[in-house]
Amino acid sequence: MAEVEESGKRKRKLEEEPDSRSIKCRDSPVENDDKTANKYGDGSTLHREIESEEVPKKKTHAEDVAAHYNKLEEVGLEQRSTSRIFYLRNFNNWIKSVLIGEFLDKVRQRQQNITVLDLGCGKGGDLLKWRKGRISKLVCTDIAGVSVQQCEQRFQDMKNRGRQNDRFFSAEFITADSTKELLSERYKDNNMYFDICSCQFVYHYSFETYEQADMMLKNACEQLSPGGYFIGTTPDSYELVKRLESSETNSFGNEIYNVKFQKKGDYPLFGCKYDFHLEGVVDVPEFLVYFPLLEDMAKKYKMKLVYKKTFWEFYEEKVKNIEHKMLLQQMMALEKYPADEGSRLVSHVKEDYEHAEILKKDGKAKLPFGTMSKAEWEATSLYLIFAFEKL
């Protein structure tokens, strides 16, 4: 069974969220305190003068994101398995699998026919999760047209490989900027309602402006049935700011990831851009998502936050379940330590496994056990999961 070191020996203590106080951001009250309010700003810096018609129109951030993901090439399993972040990617995928599976189970307790919106579907990395979840209908949408085409092709290939009598969900595919376009006008059935909206590693792109973040929320939540869920994963703004403030420069990271802000000490509620680089995967600007603000904005669409954990907290909670622990092994989400004779660990840096050596010497873990390099733990602990329920 996969095990990791005791949490007290390695886990970084997260900052507590501030006590609730109200400040104003546009027309939405935001839960905050004075210290955090000063850091995140009041949103006033977001007002920009409209460019005159004579000035050439600049490429928008959304177009940059679409172009970036359209250029990404499909990578085969053999090449992925040699990646420095092979286990990190699998671990993040395990997080998504457990999250999606648990909320599908919640919906299935009251009904069998489940309709899902995959908001920011990419190339269809979660299609197998939806198939295993035995859903009835899926709508996949993404800003990157090439990714949507690849997602649709992956869906068709999956159907073709299945048995003739296999029960398979129906699907439709939409290329759209969900931060600016109303998706309900693009559905084949304009009156379609969803039981789950899944938004994985995507929502932070919408926090460029209030209008974009609100439109993304509207697309995610407005067509949810009562009792439906909006679930997702996104960078943890508290952890990002904490690491930035602890850094001597405007950036922080390690050999597999790097985050660079424009400056310290000023974090507007919208448009707080930073550059994020993850080895071999992502290298595109993102925006800070101040979660108390997201929680407040969601109330407009009758959404209540019912679950929020950092990836590390989620892992600690779910790994106690034997099925989830087995899934960790099946998905190769943790690296075997010590490595088999003749095999090498993904990191050549000795300090990357100091936490594993401590656990090994303690004799409390059965050898071999599962872990990740310190660099990978640091990268994955930048994220959190969330779930809102439609009232």
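Note that Cβ sites are derived from N, Cα and C of the backbone, with glycine treated the same way.
Note that TrEMBL annotation is computational and uncurated.
Summarising the annotation, TrEMBL assigns region 'Disordered' to 1-47.
Taken from TrEMBL, the feature compositional bias 'Basic and acidic residues' applies to 13-37.
If you look up TrEMBL, you'll see 83-391 marked as domain 'MRNA cap 0 methyltransferase'. Taken as a whole, the domain 'MRNA cap 0 methyltransferase' (83-391) shows an average pLDDT of 96 in this prediction.
Contacts of Asn92 (mRNA binding site) defined by a Cβ separation under 8 A and a same-chain sequence distance of 6+ are given as Phe201, Thr233, Phe311, Thr380, Tyr383, in order along the sequence. What TrEMBL lists as mRNA binding site is Asn92, Asn93.
Secondary structure at Asp142 (S-adenosyl-L-methionine binding site), taken from DSSP and collapsed to helix, strand or coil, is strand. Within 10 Å of the C-beta of Asp142 (S-adenosyl-L-methionine binding site) there are 29 other C-beta atoms, taking all protein chains into account. The S-adenosyl-L-methionine binding site annotation in TrEMBL covers Lys96, Gly120, Asp142, Asp177, Gln200, Tyr205.
Under DSSP, Lys123 (site 'mRNA cap binding') is assigned to coil, being neither helix nor strand in the three-state scheme. All chains included, 21 other C-beta atoms sit within 10 angstroms of the C-beta of Lys123 (site 'mRNA cap binding'). Here TrEMBL flags Lys123 (among others) as site 'mRNA cap binding'.
Per TrEMBL, the feature site 'mRNA cap binding' maps to Lys129 (among others). A simple way to gauge crowding: the CB of Lys129 (site 'mRNA cap binding') has 21 other CB atoms within 10 angstroms, across all the protein chains here.
Sequence-distant contacts (6 or more apart, same chain, Cβ under 8 Å) of Arg154 (site 'mRNA cap binding') comprise Lys123, Gly124, Leu127. If you look up TrEMBL, you'll see Arg154 (among others) marked as site 'mRNA cap binding'.
Within 10 Å of the C-beta of His204 (site 'mRNA cap binding') we count 22 further C-beta atoms, all protein chains included. Residues or ranges marked as site 'mRNA cap binding' by TrEMBL: His204 (among others).
All protein chains considered, the CB of Glu286 (site 'mRNA cap binding') has 22 other CB atoms within 10 Å. Marked as site 'mRNA cap binding' by TrEMBL: Glu286 (among others).
The site 'mRNA cap binding' feature in TrEMBL is assigned to Tyr383 (among others).
When the alpha carbons of Tyr205 (S-adenosyl-L-methionine binding site) and Lys129 (site 'mRNA cap binding') are compared, the span between them is 24 angstrom.
As a whole number, the greatest separation of Cα atoms within the S-adenosyl-L-methionine-binding residue list Lys96, Gly120, Asp142, Asp177, Gln200, Tyr205 is 23 Å. Listed binding-site residues: Asn93, Gln200. The one with the lowest count of other Cβ atoms within 10 Å of its Cβ is Asn93.
Reduced to three states, the DSSP call for His204 (site 'mRNA cap binding') is helix.
The recorded positions shown are Asn93, Lys129, Glu286; of these, the one with its CA atom nearest the CA of Gln200 (S-adenosyl-L-methionine binding site) is Asn93. Taking the Cα of His204 (site 'mRNA cap binding') as the reference point, the closest of the binding-site residues Asn93, Lys96, Gly120, Asp142, Asp177 is Gly120.
Asp142 (S-adenosyl-L-methionine binding site) sits 16 Å from Glu286 (site 'mRNA cap binding'), taking the C-alpha atoms as the reference points.
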